[in-house]
Amino acid sequence: MSQFSCVGLIGRLDSDNAAYSLRRLISFLAKQNIEVMLDEETAEFYTENELEIVSRETLAKRCDLIIVVGGDGSLLSAARAFAGKPVKLLGINRGRLGFLTDISPDEIEYKVGEVLAGKYVSESRFLLHSQLYRGEELISEAVALNDVVMHPGQFIRMIEFELYINDEFVYRQRSDGLIISSPTGATAYALSCGGPIMHPSLDAIVLVPMNPHTLSSRPIVVHGSSRIRLLIAKDNHLSPHITNDGQTHVVTKPGDEVVVTKSPDLLELIHPTDHNFYETCRSKLGWASHTGGC
């Protein structure tokens, strides 16, 4: 008997491979005596089904498990929609790296079957909450599972800004931008810019400069409860962009402030019982395997 009563499905929209895996998953779930629903955005591209098609808001209310078929980008989008909701997320990898979507396509029936039987490990991941202020006015706010990034947008020019942590001045910097990353995002964009790998269970945030003009500027790891504030210098000759998980963005103006804190809403992410963070790092990042001892 399944531990879950209703499963919601979300698929990558531009992938024939994802569509194939989604068909396999639907066929498997049809035999499990479980109510299954399909995300309405996915249904626009995947019409070969007789499932109930609903919004993500409805999925959050009626489902207790969401299965995402796609890459990490697909799961990032789902994470922002379902964080703080009483629903768990499981990922089937039809993307590239797959740090978050860790079930391979050839294991769908076996691994998903184990999860439905209650054989899984669950972990809570925190998200970042970003706010853009223009004077006293709140211009926009968003959440991100991986990272909040300040960057020049379409222009190749340096940004000048000041960094404050818990209202304490840290530095004034000229660089291509700054990556503010959660532990989940530490193996994504932050890693490619020289940031440290952090275990996802850590209550910490890492700030990674992008091509800083000062060689001594290095990534800083701060406590997860920190309030991070960026003051965009008024003499900037461009309007930096703030991007959340590489998927949503807002354009700032010189003199704006960006405040990033830990969101109170947690994401419940589940994995197969054999999930191991360090094994994932070895396989995804190409680390050397054990060869019999030193």
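Each residue, glycine too, has its Cβ placed from N, Cα and C.
The NAD(+) binding site annotation in Swiss-Prot covers D72, G73, N146, D147, R157, R174, D176, T187, A188, Y189, A190, L191, S192, Q247 and rests on sequence analysis. Look at R157 (NAD(+) binding site): DSSP puts it in coil. Applying an 8 A CB threshold to same-chain residues 6+ apart, the list for R157 (NAD(+) binding site) reads H237, L238.
As annotated by Swiss-Prot, active site, proton acceptor applies to D72, with the evidence given as sequence analysis. On its own chain, D72 (NAD(+) binding site) has G91, G95, R96, L97, G98, F99, L100, T101, A188 as residues at least 6 apart in sequence with a Cβ closer than 8 Å to its own Cβ.
According to DSSP, N146 (NAD(+) binding site) is assigned to coil rather than to any helix or strand. Comparing local CB density within 10 A for the binding-site residues A188, A190, the maximum falls on A190. The Cβ of D176 (NAD(+) binding site) has 18 other Cβ atoms within 10 Å, all protein chains considered.
The secondary structure of S192 (NAD(+) binding site), as reduced to three states from DSSP, is helical. In the structure shown, across all protein chains, N146 is the one of the binding-site residues N146, S192 with the greatest number of other Cβ atoms within 10 Å. Pairwise Cα distances among D72, G73, N146, D147, R157, R174, D176, T187, A188, Y189, A190, L191, S192, Q247, which the record gives as the binders of NAD(+), peak at 31 Å.
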